[in-house]
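Chemist: Before we start, here is the structure in question, set down as C-alpha coordinates.
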(Lines of atoms letter the chains of each structure in order from A and count residues from 1; the text may use other names and numbers.)
(Lines give C-alpha, C1' and ligand atoms only; values in the text may rest on other atoms or scores of the structure.)
Protein backbone atom coordinates (compact mmCIF):
# COMPACT_ATOMS: atom_id res chain seq x y z
CA UNK A 1 0.00 0.00 0.00
CA UNK A 2 1.56 3.32 -1.05
CA UNK A 3 -1.43 5.64 -1.49
CA UNK A 4 -4.82 5.68 0.19
CA UNK A 5 -7.75 7.83 1.23
CA UNK A 6 -8.43 8.39 4.91
CA UNK A 7 -10.92 10.38 6.99
CA UNK A 8 -9.27 12.10 9.95
CA UNK A 9 -11.22 11.41 13.14
CA UNK A 10 -9.32 13.37 15.77
CA UNK A 11 -5.96 14.84 16.78
CA UNK A 12 -3.35 12.88 18.70
CA UNK A 13 -0.75 13.91 21.27
CA UNK A 14 2.24 14.81 19.11
CA UNK A 15 0.07 16.92 16.80
CA UNK A 16 -0.82 14.52 13.98
CA UNK A 17 -4.33 13.76 12.81
CA UNK A 18 -5.63 10.28 13.60
CA UNK A 19 -7.68 7.95 11.43
CA UNK A 20 -7.96 4.25 10.62
CA UNK A 21 -6.79 2.52 7.48
CA UNK A 22 -7.62 -1.16 7.00
CA UNK A 23 -7.95 -1.57 10.75
CA UNK A 24 -4.67 0.14 11.62
CA UNK A 25 -4.21 3.44 13.40
CA UNK A 26 -2.82 5.99 10.96
CA UNK A 27 -1.24 9.32 11.93
CA UNK A 28 -1.06 12.15 9.39
CA UNK A 29 0.61 15.47 10.33
CA UNK A 30 -1.03 18.82 9.54
CA UNK A 31 -4.52 17.41 9.11
CA UNK A 32 -7.73 18.37 10.91
CA UNK A 33 -10.65 16.35 12.31
CA UNK A 34 -13.10 15.87 9.44
CA UNK A 35 -10.51 16.13 6.66
CA UNK A 36 -10.72 13.57 3.87
CA UNK A 37 -7.19 13.29 2.54
CA UNK A 38 -5.24 11.32 -0.02
CA UNK A 39 -2.02 10.17 1.59
CA UNK A 40 1.17 8.33 0.87
CA UNK A 41 1.99 5.74 3.53
CA UNK A 42 5.47 6.73 4.70
CA UNK A 43 5.83 4.36 7.69
CA UNK A 44 4.21 0.93 8.01
CA UNK A 45 4.66 -0.60 11.47
CA UNK A 46 2.89 -3.70 12.82
CA UNK A 47 0.55 -1.61 14.99
CA UNK A 48 0.30 1.73 13.18
CA UNK A 49 0.91 3.72 10.00
CA UNK A 50 2.25 7.19 9.34
CA UNK A 51 1.09 9.08 6.29
CA UNK A 52 2.00 12.18 4.31
CA UNK A 53 -0.76 14.28 2.79
CA UNK A 54 -0.79 14.36 -1.01
CA UNK A 55 -4.15 16.08 -1.45
CA UNK A 56 -6.95 17.42 0.73
CA UNK A 57 -10.09 16.02 -0.90
CA UNK A 58 -12.60 17.43 1.61
CA UNK A 59 -11.34 20.08 4.06
CA UNK A 60 -12.50 20.11 7.66
CA UNK A 61 -14.61 23.07 8.82
CA UNK A 62 -11.94 23.54 11.50
CA UNK A 63 -9.26 24.21 8.88
CA UNK A 64 -7.95 27.76 8.26
CA UNK A 65 -5.10 29.25 6.24
CA UNK A 66 -1.94 29.26 8.42
CA UNK A 67 -0.54 32.79 8.85
CA UNK A 68 3.13 31.68 8.69
CA UNK A 69 4.73 31.16 5.25
CA UNK A 70 6.97 28.34 6.53
CA UNK A 71 4.32 26.48 8.53
CA UNK A 72 4.60 22.76 7.85
CA UNK A 73 8.31 23.08 7.12
CA UNK A 74 9.47 24.76 10.33
CA UNK A 75 9.42 22.49 13.36
CA UNK A 76 8.12 25.17 15.72
CA UNK A 77 4.34 24.93 15.22
CA UNK A 78 2.01 22.03 14.51
CA UNK A 79 -1.51 23.48 14.52
CA UNK A 80 -1.56 26.86 12.76
CA UNK A 81 -3.94 25.30 10.19
CA UNK A 82 -6.62 24.92 12.90
CA UNK A 83 -9.05 27.43 14.35
CA UNK A 84 -7.96 28.25 17.88
CA UNK A 85 -11.16 26.96 19.48
CA UNK A 86 -10.58 23.62 17.72
CA UNK A 87 -7.01 23.54 19.07
CA UNK A 88 -8.24 24.09 22.62
CA UNK A 89 -10.97 21.47 22.28
CA UNK A 90 -8.44 18.94 20.99
CA UNK A 91 -6.00 19.68 23.81
CA UNK A 92 -8.67 19.19 26.46
CA UNK A 93 -9.68 15.83 24.97
CA UNK A 94 -6.04 14.70 24.61
CA UNK A 95 -5.33 15.76 28.20
CA UNK A 96 -8.33 13.85 29.56
CA UNK A 97 -7.52 10.72 27.53
CA UNK A 98 -3.82 10.77 28.45
CA UNK A 99 -4.47 11.15 32.18
CA UNK A 100 -6.87 8.22 32.07
CA UNK A 101 -4.52 6.02 30.02
CA UNK A 102 -1.40 6.67 32.07
CA UNK A 103 -2.73 7.60 35.51
CA UNK A 104 -6.33 6.31 35.64
CA UNK A 105 -7.57 9.83 36.40
CA UNK A 106 -11.36 10.07 36.01
CA UNK A 107 -12.89 12.58 33.58
CA UNK A 108 -14.78 14.31 36.39
CA UNK A 109 -11.47 15.29 38.03
CA UNK A 110 -10.36 17.32 34.99
CA UNK A 111 -11.45 20.97 34.92
CA UNK A 112 -12.34 22.90 31.74
CA UNK A 113 -9.27 23.86 29.71
CA UNK A 114 -7.86 27.36 30.34
CA UNK A 115 -7.53 28.90 26.87
CA UNK A 116 -5.12 31.72 26.04
CA UNK A 117 -6.26 35.23 25.23
CA UNK A 118 -3.13 35.70 23.11
CA UNK A 119 -2.81 32.72 20.73
CA UNK A 120 -0.19 34.63 18.71
CA UNK A 121 2.80 36.78 19.70
CA UNK A 122 3.11 35.17 23.12
CA UNK A 123 6.61 33.61 23.14
CA UNK A 124 9.02 35.65 25.25
CA UNK A 125 11.94 33.30 24.50
CA UNK A 126 13.34 31.80 21.29
CA UNK A 127 16.43 29.81 20.34
CA UNK A 128 17.51 30.92 16.88
CA UNK A 129 19.57 28.30 15.05
CA UNK A 130 22.19 29.56 12.58
CA UNK A 131 23.88 28.11 9.50
CA UNK A 132 25.79 29.57 6.58
CA UNK A 133 25.45 28.36 3.00
CA UNK A 134 27.19 29.93 0.02
CA UNK A 135 28.11 32.93 2.14
CA UNK A 136 24.46 33.52 3.06
CA UNK A 137 23.13 33.63 6.61
CA UNK A 138 20.22 31.36 7.49
CA UNK A 139 18.72 32.13 10.89
CA UNK A 140 15.61 30.57 12.31
CA UNK A 141 14.52 27.15 13.52
CA UNK A 142 15.08 23.51 12.67
CA UNK A 143 13.14 22.00 9.81
CA UNK A 144 10.53 19.56 11.10
CA UNK A 145 12.14 16.23 11.94
CA UNK A 146 15.71 17.32 11.22
CA UNK A 147 18.60 19.56 12.31
CA UNK A 148 18.51 21.51 9.05
CA UNK A 149 18.09 25.23 9.76
CA UNK A 150 15.42 27.11 7.83
CA UNK A 151 14.97 30.87 7.84
CA UNK A 152 12.33 32.21 10.18
CA UNK A 153 10.04 34.74 8.51
CA UNK A 154 10.56 38.44 9.22
CA UNK A 155 7.88 38.10 11.89
CA UNK A 156 7.50 34.76 13.64
CA UNK A 157 3.78 34.80 14.45
CA UNK A 158 4.15 33.17 17.88
CA UNK A 159 7.08 35.32 19.07
CA UNK A 160 6.79 38.53 21.08
CA UNK A 161 7.29 41.58 18.81
CA UNK A 162 10.50 42.44 20.70
CA UNK A 163 11.96 39.05 19.75
CA UNK A 164 11.13 39.67 16.09
CA UNK A 165 12.83 43.08 16.18
CA UNK A 166 15.93 41.42 17.60
CA UNK A 167 15.92 38.82 14.82
CA UNK A 168 15.78 41.62 12.25
CA UNK A 169 18.72 43.47 13.83
CA UNK A 170 20.86 40.34 14.16
CA UNK A 171 20.41 39.47 10.50
CA UNK A 172 21.88 42.84 9.59
CA UNK A 173 25.01 42.65 11.77
CA UNK A 174 26.03 38.97 11.94
CA UNK A 175 27.48 38.87 8.39
CA UNK A 176 30.23 41.24 9.62
CA UNK A 177 31.54 38.70 12.16
CA UNK A 178 34.89 37.20 11.12
CA UNK A 179 33.98 33.65 12.25
CA UNK A 180 30.35 33.28 11.15
CA UNK A 181 30.38 29.47 11.32
CA UNK A 182 31.41 29.59 14.99
CA UNK A 183 28.01 30.85 16.18
CA UNK A 184 25.50 27.97 15.88
CA UNK A 185 22.76 29.49 18.06
CA UNK A 186 21.58 32.71 19.68
CA UNK A 187 19.03 32.64 22.51
CA UNK A 188 16.78 35.70 22.75
CA UNK A 189 14.50 36.48 25.69
CA UNK A 190 12.41 39.48 26.64
CA UNK A 191 10.94 40.49 29.98
CA UNK A 192 7.82 42.43 30.87
CA UNK A 193 10.24 45.18 31.86
CA UNK A 194 10.96 45.83 28.16
CA UNK A 195 14.50 44.44 28.25
CA UNK A 196 15.80 41.97 25.64
CA UNK A 197 18.71 39.72 26.58
CA UNK A 198 20.80 37.58 24.21
CA UNK A 199 22.99 34.56 24.92
CA UNK A 200 25.34 33.97 21.97
CA UNK A 201 26.63 30.39 21.68
CA UNK A 202 30.25 30.51 20.50
CA UNK A 203 32.29 27.42 19.54
CA UNK A 204 35.47 29.12 18.33
CA UNK A 205 38.81 29.42 20.13
CA UNK A 206 38.84 33.19 20.69
CA UNK A 207 35.93 34.23 22.93
CA UNK A 208 37.60 37.56 23.64
CA UNK A 209 37.45 38.48 19.96
CA UNK A 210 33.81 37.40 19.79
CA UNK A 211 32.98 39.52 22.85
CA UNK A 212 34.74 42.52 21.28
CA UNK A 213 32.64 42.12 18.13
CA UNK A 214 29.37 42.10 20.05
CA UNK A 215 30.46 45.14 22.02
CA UNK A 216 31.26 46.95 18.77
CA UNK A 217 27.81 46.35 17.27
CA UNK A 218 25.92 47.58 20.32
CA UNK A 219 24.75 50.77 18.52
CA UNK A 220 23.24 48.60 15.76
CA UNK A 221 21.20 46.43 18.12
CA UNK A 222 18.64 49.00 19.20
CA UNK A 223 16.22 46.31 20.36
CA UNK A 224 18.77 44.58 22.64
CA UNK A 225 19.64 45.66 26.20
CA UNK A 226 22.11 42.92 27.19
CA UNK A 227 24.41 40.31 25.62
CA UNK A 228 26.21 37.29 27.08
CA UNK A 229 28.56 34.75 25.49
CA UNK A 230 28.28 31.00 26.16
CA UNK A 231 31.29 28.86 25.19
CA UNK A 232 30.11 25.48 26.46
CA UNK A 233 27.83 24.54 29.36
CA UNK A 234 25.68 27.13 31.11
CA UNK A 235 28.36 27.73 33.73
CA UNK A 236 30.59 29.12 30.95
CA UNK A 237 28.32 32.12 30.30
CA UNK A 238 30.22 35.42 30.39
CA UNK A 239 28.82 38.95 30.47
CA UNK A 240 29.57 41.09 27.41
CA UNK A 241 27.46 44.19 28.00
CA UNK A 242 24.14 45.45 29.28
CA UNK A 243 21.53 43.98 31.60
CA UNK A 244 22.01 40.65 33.33
CA UNK A 245 18.40 39.71 34.08
CA UNK A 246 14.77 40.02 32.99
CA UNK A 247 11.63 40.41 35.09
CA UNK A 248 7.92 39.59 34.96
CA UNK A 249 4.97 39.63 37.37
CA UNK A 250 2.97 36.93 39.13
CA UNK A 251 -0.02 37.13 41.48
CA UNK A 252 0.59 37.17 45.22
CA UNK A 253 -1.44 36.34 48.34
CA UNK A 254 -0.39 39.23 50.59
CA UNK A 255 -1.40 42.92 50.66
CA UNK A 256 -4.76 42.28 48.99
CA UNK A 257 -3.19 40.23 46.21
CA UNK A 258 -0.43 42.67 45.31
CA UNK A 259 1.48 41.27 42.28
CA UNK A 260 5.08 40.21 42.79
CA UNK A 261 7.94 41.12 40.48
CA UNK A 262 10.29 38.21 39.79
CA UNK A 263 13.56 38.29 37.88
CA UNK A 264 15.77 35.60 36.36
CA UNK A 265 19.28 35.80 34.98
CA UNK A 266 20.65 34.61 31.64
CA UNK A 267 20.63 30.84 31.54
CA UNK A 268 17.79 30.61 34.06
CA UNK A 269 14.36 29.15 33.31
CA UNK A 270 11.11 31.05 32.85
CA UNK A 271 7.83 30.13 31.25
CA UNK A 272 7.58 31.24 27.61
CA UNK A 273 4.14 32.84 28.04
CA UNK A 274 3.94 35.39 30.86
CA UNK A 275 0.15 35.87 30.66
CA UNK A 276 -0.63 32.18 30.89
CA UNK A 277 2.01 31.77 33.59
CA UNK A 278 -0.09 34.10 35.75
CA UNK A 279 -3.12 31.87 35.09
CA UNK A 280 -1.05 28.82 36.04
CA UNK A 281 0.25 30.40 39.25
CA UNK A 282 -3.26 31.52 40.24
CA UNK A 283 -4.58 27.98 39.85
CA UNK A 284 -1.64 26.54 41.80
CA UNK A 285 -2.24 29.00 44.64
CA UNK A 286 -5.89 27.99 44.80
CA UNK A 287 -5.15 24.26 44.76
CA UNK A 288 -2.34 24.47 47.32
CA UNK A 289 -4.76 25.73 49.95
CA UNK A 290 -2.02 27.22 52.10
CA UNK A 291 -2.13 29.99 54.67
CA UNK A 292 -0.10 31.45 57.53
CA UNK A 293 2.04 28.87 59.28
CA UNK A 294 1.53 26.10 56.74
CA UNK A 295 4.72 24.30 55.72
CA UNK A 296 5.36 24.07 51.97
CA UNK A 297 8.12 22.33 50.01
CA UNK A 298 8.62 23.54 46.43
CA UNK A 299 10.63 21.09 44.30
CA UNK A 300 12.19 22.31 41.03
CA UNK A 301 11.49 25.81 42.37
CA UNK A 302 13.59 27.76 39.86
CA UNK A 303 13.57 31.48 40.61
CA UNK A 304 10.58 31.21 42.95
CA UNK A 305 7.78 31.29 40.37
CA UNK A 306 5.45 29.36 42.71
CA UNK A 307 7.43 29.58 45.97
CA UNK A 308 7.20 33.31 46.47
CA UNK A 309 3.50 33.76 45.66
CA UNK A 310 2.78 31.01 48.22
CA UNK A 311 5.13 32.50 50.81
CA UNK A 312 3.58 35.95 50.30
CA UNK A 313 0.47 34.58 52.03
CA UNK A 314 2.41 33.58 55.15
CA UNK A 315 3.39 30.01 54.33
CA UNK A 316 6.71 28.73 55.68
CA UNK A 317 8.45 27.64 52.52
CA UNK A 318 11.51 25.61 51.49
CA UNK A 319 12.47 25.71 47.80
CA UNK A 320 14.72 23.12 46.16
CA UNK A 321 16.43 23.54 42.77
CA UNK A 322 19.61 21.96 41.38
CA UNK A 323 20.63 24.99 39.24
CA UNK A 324 22.56 27.26 41.61
CA UNK A 325 22.06 30.58 39.73
CA UNK A 326 18.27 30.09 39.88
CA UNK A 327 18.51 29.63 43.66
CA UNK A 328 20.42 32.92 43.81
CA UNK A 329 17.61 34.53 41.79
CA UNK A 330 14.98 33.11 44.14
CA UNK A 331 16.74 34.57 47.18
CA UNK A 332 17.06 37.96 45.51
CA UNK A 333 13.40 37.86 44.50
CA UNK A 334 12.39 37.11 48.09
CA UNK A 335 14.39 40.10 49.32
CA UNK A 336 13.08 42.40 46.59
CA UNK A 337 9.45 41.55 47.39
CA UNK A 338 9.96 41.70 51.17
CA UNK A 339 9.11 38.04 51.72
CA UNK A 340 10.58 36.29 54.76
CA UNK A 341 10.30 32.80 56.21
CA UNK A 342 11.66 31.21 53.03
CA UNK A 343 14.70 28.99 52.53
CA UNK A 344 16.17 28.01 49.17
CA UNK A 345 18.53 25.06 48.76
CA UNK A 346 20.63 24.20 45.70
CA UNK A 347 20.28 20.41 45.45
CA UNK A 348 18.63 17.73 43.30
CA UNK A 349 14.90 17.32 44.08
CA UNK A 350 15.04 13.67 45.15
CA UNK A 351 18.21 14.12 47.21
CA UNK A 352 16.85 17.29 48.78
CA UNK A 353 13.62 15.57 49.80
CA UNK A 354 15.56 12.69 51.36
CA UNK A 355 17.79 15.06 53.33
CA UNK A 356 14.88 17.12 54.60
CA UNK A 357 13.05 13.98 55.71
CA UNK A 358 16.20 12.66 57.43
CA UNK A 359 16.46 15.98 59.29
CA UNK A 360 12.94 15.48 60.66
CA UNK A 361 11.28 18.11 58.47
CA UNK A 362 7.59 17.73 57.63
CA UNK A 363 5.42 19.61 55.13
CA UNK A 364 1.69 20.13 54.68
CA UNK A 365 1.97 20.72 50.92
CA UNK A 366 4.55 19.79 48.29
CA UNK A 367 4.73 21.56 44.92
CA UNK A 368 6.49 19.90 41.98
CA UNK A 369 7.30 21.66 38.70
CA UNK A 370 9.67 19.25 36.92
CA UNK A 371 11.01 19.42 33.35
CA UNK A 372 9.36 17.53 30.48
CA UNK A 373 10.90 14.24 31.65
CA UNK A 374 8.81 14.40 34.82
CA UNK A 375 9.76 13.65 38.43
CA UNK A 376 10.28 9.88 38.38
CA UNK A 377 13.00 9.95 41.06
CA UNK A 378 11.36 12.58 43.25
CA UNK A 379 7.74 11.35 43.48
CA UNK A 380 8.68 8.25 45.45
CA UNK A 381 10.54 10.39 47.97
CA UNK A 382 7.59 12.79 48.17
CA UNK A 383 5.21 9.90 48.86
CA UNK A 384 7.42 8.76 51.78
CA UNK A 385 7.43 12.34 53.09
CA UNK A 386 3.60 11.99 53.16
CA UNK A 387 2.35 15.60 52.84
CA UNK A 388 -1.39 16.16 53.02
CA UNK A 389 -1.43 17.80 49.58
CA UNK A 390 0.68 17.53 46.43
CA UNK A 391 0.40 20.11 43.64
CA UNK A 392 2.03 18.82 40.46
CA UNK A 393 2.76 21.28 37.63
CA UNK A 394 3.55 19.55 34.34
CA UNK A 395 4.36 20.35 30.71
CA UNK A 396 4.04 16.75 29.50
CA UNK A 397 0.80 14.75 30.03
CA UNK A 398 2.36 11.27 29.56
CA UNK A 399 5.05 11.77 32.22
CA UNK A 400 2.46 13.46 34.45
CA UNK A 401 0.19 10.42 34.10
CA UNK A 402 3.10 8.09 34.87
CA UNK A 403 4.00 9.99 38.05
CA UNK A 404 0.35 10.27 39.14
CA UNK A 405 0.16 6.47 38.88
CA UNK A 406 3.06 6.18 41.34
CA UNK A 407 1.39 8.58 43.76
CA UNK A 408 -1.98 6.80 43.47
CA UNK A 409 -0.33 3.54 44.51
CA UNK A 410 1.18 5.40 47.48
CA UNK A 411 -2.28 6.39 48.72
CA UNK A 412 -2.96 9.71 46.98
CA UNK A 413 -6.01 10.56 44.89
CA UNK A 414 -6.41 13.20 42.21
CA UNK A 415 -9.14 15.67 43.13
CA UNK A 416 -8.56 18.24 40.38
CA UNK A 417 -6.46 18.71 37.26
CA UNK A 418 -6.39 21.90 35.18
CA UNK A 419 -5.00 22.10 31.65
CA UNK A 420 -3.58 25.50 30.69
CA UNK A 421 -2.77 26.50 27.10
CA UNK A 422 0.73 27.85 27.55
CA UNK A 423 1.72 27.03 23.95
CA UNK A 424 -0.95 27.92 21.33
CA UNK A 425 -0.36 26.70 17.76
CA UNK A 426 1.42 23.61 19.15
CA UNK A 427 0.22 20.34 20.68
CA UNK A 428 2.04 20.97 23.99
CA UNK A 429 -0.06 21.13 27.17
CA UNK A 430 0.76 22.70 30.53
CA UNK A 431 -1.24 21.64 33.59
CA UNK A 432 -1.53 21.77 37.35
CA UNK A 433 -2.95 18.86 39.37
CA UNK A 434 -3.95 18.51 43.02
CA UNK A 435 -3.58 15.23 44.90
CA UNK A 436 -4.73 14.63 48.48
CA UNK A 437 -3.56 11.83 50.76
CA UNK A 438 -6.37 9.32 51.29
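Numbering starts at 1 and runs along the chain as it is shown here.
From the backbone N, Cα and C atoms, a Cβ is placed for every residue, glycine too.
Okay, these came from Swiss-Prot:
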type	residues	note
DOMAIN	1-55	domain 'TRAM'
BINDING	68, 74, 77, 156	[4Fe-4S] cluster binding site
BINDING	271, 300, 321, 369	S-adenosyl-L-methionine binding site
ACT_SITE	395	active site, nucleophile
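I would like each feature placed in context: is it buried or exposed, what are its neighbours, and how far apart are things?
Modeler: The predicted model assigns the domain 'TRAM' (1-55) a mean pLDDT of 95.
DSSP gives residue 156 ([4Fe-4S] cluster binding site) a coil state; it is part of no helix or strand.
Residue 369 (S-adenosyl-L-methionine binding site) falls within neither a helix nor a strand when secondary structure is assigned with DSSP, and so counts as coil.
Here residue 395 (active site, nucleophile) comes close to 371, 372, 422, 428, 429, 430, 431: these same-chain residues lie at least six apart in sequence, with C-beta atoms under 8 angstroms from its C-beta.
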Chemist: Name the residue among the binding-site residues 68, 77, 156 whose Cβ has the smallest number of other Cβ atoms within 10 Å.
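Modeler: Sparsest of the binding-site residues 68, 77, 156 by Cβ contacts within 10 Å: 68.
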Chemist: Counting only other Cβ atoms and using a 10 Å cut-off, which of the binding-site residues 321, 369 scores lowest?
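Modeler: Among the binding-site residues 321, 369, the lowest count of other Cβ atoms within 10 Å belongs to 369.
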Chemist: Within 10 Å of the Cβ of residue 271 (S-adenosyl-L-methionine binding site), how many other Cβ atoms can be counted across all chains shown?
Modeler: 23
Chemist: Consider the binding-site residues 68, 74, 77, 156 and say which one has the Cα lying nearest the Cα of residue 300 (S-adenosyl-L-methionine binding site).
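Modeler: Closest recorded candidate to residue 300 (S-adenosyl-L-methionine binding site) by Cα: 77.
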Chemist: Between residue 369 (S-adenosyl-L-methionine binding site) and residue 68 ([4Fe-4S] cluster binding site), how far is it from one CA atom to the other, in Å?
Modeler: 32
Chemist: Based on Cα distances to residue 321 (S-adenosyl-L-methionine binding site), point out the closest of the binding-site residues 68, 74, 77.
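Modeler: Spatially nearest to residue 321 (S-adenosyl-L-methionine binding site) by Cα position is 77.
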